[in-house]
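Novice: Okay, these came from TrEMBL:
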{"type": "SIGNAL", "residues": "1-20", "note": "signal peptide"}
{"type": "DOMAIN", "residues": "128-145", "note": "domain 'Tyrosinase copper-binding'"}
{"type": "DOMAIN", "residues": "324-335", "note": "domain 'Tyrosinase copper-binding'"}
{"type": "REGION", "residues": "432-578", "note": "region 'Disordered'"}
{"type": "COMPBIAS", "residues": "442-537", "note": "compositional bias 'Low complexity'"}
{"type": "COMPBIAS", "residues": "544-566", "note": "compositional bias 'Low complexity'"}
Amino acid sequence: MVRISTLITAAAVGFSYVDALPTNPFGLSGLGGGVRGEIAKREVVLSTLPDGIKAVTGNGAVPLRLDFNDFIKDDTRKNLYLLALSRMMQTSQSDPTSHYQIAGIHGRPYVAWDGVRGGNNDGGYCTHADILFLSWHRPYLALYEGSLHAHVQKIAKEFKAGTEDSTKALAAAQDWRMPYWDWATNATIPELIGNTPRVTVRMPNGQDETIDNPLYSYKYNFANAQTQKNELPSQPFSTAKQTTRVSIDTLNAQLANIGSNLRDRVYNLLADTGYANFARFSNKGTTTAVNGKLDSLESVHDVIHATVGGGNGEMGWVDYAAHDPLFFLHHTNIDRIFAMWQAVNRDNADAYLKPNDDFTSTYGTYAIQRGSKINSNTPLPPFRKASGANYYSSEDVKSTKSFGYAYPETMDWERDAGDFVAWAKEQVNIKYGKGAPPGVLTSVSSATNSMSSTSSSRTTTTSSRVTTTSRTTTTSSRPTTTSIRPSTTPARTTTTSARATTTSARPTTTPSTTSARPATTSSTTTTTSRTTSSTAAPAPPAPTTTRPATTRPATTSSAAPVPSSPVQGGTRPPRGQRTCSNTPWYLWFWSGLWDCFFEARRQHQNQHQNQHQKRFDLGDIADIAGDVVNTVATVVENAIDRIPDVKDLIDHASSLISGDQYTEYVAQIKAENNALDGTFTVYVFIGDYDKDPKTWPLSKNLVGQHSAFTNIGGGHHFTGAGTVPLTSAIINLVANEKVANLGRAAVVPYLRDNLHWEVATANGEAVPSKDVENLKVGIFSSDVKLPCVDGSLPLWGNTKPEYEITQGRPGGLCQGENIV
Ligand SMILES: *[C@@H]1O[C@H](CO)[C@@H](O)[C@H](O)[C@H]1NC(C)=O
């Protein structure tokens, strides 16, 4: 065999090309021509990674893939990246190592890459809603990185020897690895990726030149218009000149609005031992989920795709997503979170695929047959580790070191093996836990404890506790209120006067000795009739907190933030109202209720017809949402789930934490993946929101979203699920005195009246919940024990379905129903 790589310069290329003709039993498919025929004469062998990318085993050090924002701080590293990606994009679209070809592995065009076949011709090679989701994407990313790396090595050598540029480039190339975009730490898209169409680079000839920024978009480069139509058949991609995203200001505002929710989800996935099971954690289609633990890394990943792509951008559709260069920065972060989870779960046998597993590839891929049995040794085509049909398996890629890289949070060298897991947990806390409820409440708890040792601060704590209590008083002082949202004005008056009382009471509260609690009790006694509330106050968030049923209407009405304005869209339809279309049309057939059958089918057809017509008629969401778009800073400032500073929470410590525990709330959402013939999103709000679905992503009362990321026209049929953590928003509501405390007795009635969900397609069209097949939304609570040291994680107690919140609502989980 002649290794083509030696011709290209072995040292400079991350692959070796072998001129062996792979077996091609079915002939060429997809393209009517020789393009793939040419490609099929090579083999891209990923295991032969010369010159820098080497598999490392054991405790050896490897170069790091860095956070994009850190990565670009080094100009040389950044320059090499831009030049290399630019060249990869300019490489002929028929070369298997070009950006187009590697992106094309994922979805469109549905043709053989590097001659690899063997499955279904109606999809790409990617594995979604499948146990291989994470392990398949690891060599996929390594292939992409390998191609970039090869260019980086070559470019570094092109700078004039002996110059400073050359010295720097050669040094940077040595440990060059591609970066990731950590949307869970900071959801907005870095300026260089999102808002910089042209960029100045230092060319190897030493000259600065301004080029099309390869991170901003990929410019399609088809031989002719017909080829593009054949390979990318759906509008608008069949005629697109370059990849696009939702326009950047809108997009960043939308991402910022769900940023802390993404962080909370990622933290829970990494920290909660309820997710310490590979099938549950990894993907949205393998159902080992249990009540209350219905999230997966794939589901979180779907939100980024749906949000970045919208209806018209590549990222929003499985088949097209990888053509956007942001795909690889996003997926590298997914791979990193996966690696962090592996580190935390290093000693857990369920934390990866096993040789004796017996999963099924329900849908197959371009190279995996439908119904194939899957275990850790199942090949991951088209990624060859050696010549011939010799592919990487999940077993081969268990460690990122198989491809010679690690992440800043997964370095297992320079520390004793015995300390590694604790260190990895600490990284999870540092990265995502600090800002999430467990971290914030741990800080509040320790600040409160240390404050109770000094008398001056004790005074502060005491007086603020009084404030809390007086609010409770306000709420509870209106047991006469019966209707939803009644006279709020008197309530406000009461609040004000209660506060006035509190303020004047402050100077007298000093003498209490054992922190604030006795003071709270006594002040409550002076202000109100509600002794039940005040006795509950010392330990409010615990499940033991009991409040009489009469508090509910009061809680509700005091919660209505703007009572004078009409409630827009947030009004709940009458409970229990059912229509024919509550049930999928085809099920009515079996019931014999023919009028329902015809009615439901008509509705189904209309709905899908409309969607089809409108799919690409709509302009960019930015134009429509123009009035609502705010700056990222405003969105973050006003977001309902922005947890206040720890110092502002200390006053509410006793309403938030009970002992070393707090109560967590999550919305768990499931729906038929194919319900709306395309990517769609379920938005979860607490409080009012506008009826116009275009405003939902930017609503200040949006807590988070669950997205189902599919192909155009829909995806596979299965029930997909995801989770929207609610606790950050509720902490904010407690701090703003809208909810008395984090206990169930206060939170459940509040959520029953104020939590809402809505569904919209990728193009921002609303679909009534009752028309979304198999939609179920359930709220689950659990008591979480705070960690006591950095190297440990919180402990989640049993989850409890809070049926009262969702019972009888379209798509709501009903008493006794299971969400899994
Ligand atoms: C988040 O990222 C954006 C874009 O890179 C940057 O402008 C902003 O300063 C970052 N915000 C924080 C809080 O780090």
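Using the three backbone atoms N, Cα and C, a Cβ is placed for every residue, glycine included.
Note that TrEMBL annotation is computational and uncurated.
Quantities reported herein were computed from a predicted structural model and do not represent experimental measurements.
Describe the structural context of each listed feature in the structure shown, including burial, neighbouring residues and relevant distances.
Specialist: In the predicted model, the domain 'Tyrosinase copper-binding' (128-145) has a mean pLDDT of 95.
Under DSSP, the residues of the domain 'Tyrosinase copper-binding' (324-335) split into helix, strand and coil as follows: 10 helix, 0 strand, 2 coil.
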Novice: Please indicate, using numbers and ranges, the residues of the same chain that are 6 or more beyond the domain 'Tyrosinase copper-binding' (128-145) and have a C-beta under 8 Å from a C-beta there.
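Specialist: Distant contacts of the domain 'Tyrosinase copper-binding' (128-145): 14, 44, 46, 53, 65, 102, 105-106, 177-178, 278-279, 282-286, 297-298, 318, 328, 331-332, 334-335, 338, 353, 357, 359, 361-363, 374, 378, 380, 383, 392, 394, 397-398, 400, 402-403, 405, 673, 709, 715-716, 718, 720.
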Novice: With DSSP as the yardstick, break the domain 'Tyrosinase copper-binding' (128-145) down into helix, strand and coil residue counts.
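Specialist: Residue counts in helix, strand and coil order: 13 helix, 0 strand, 5 coil.
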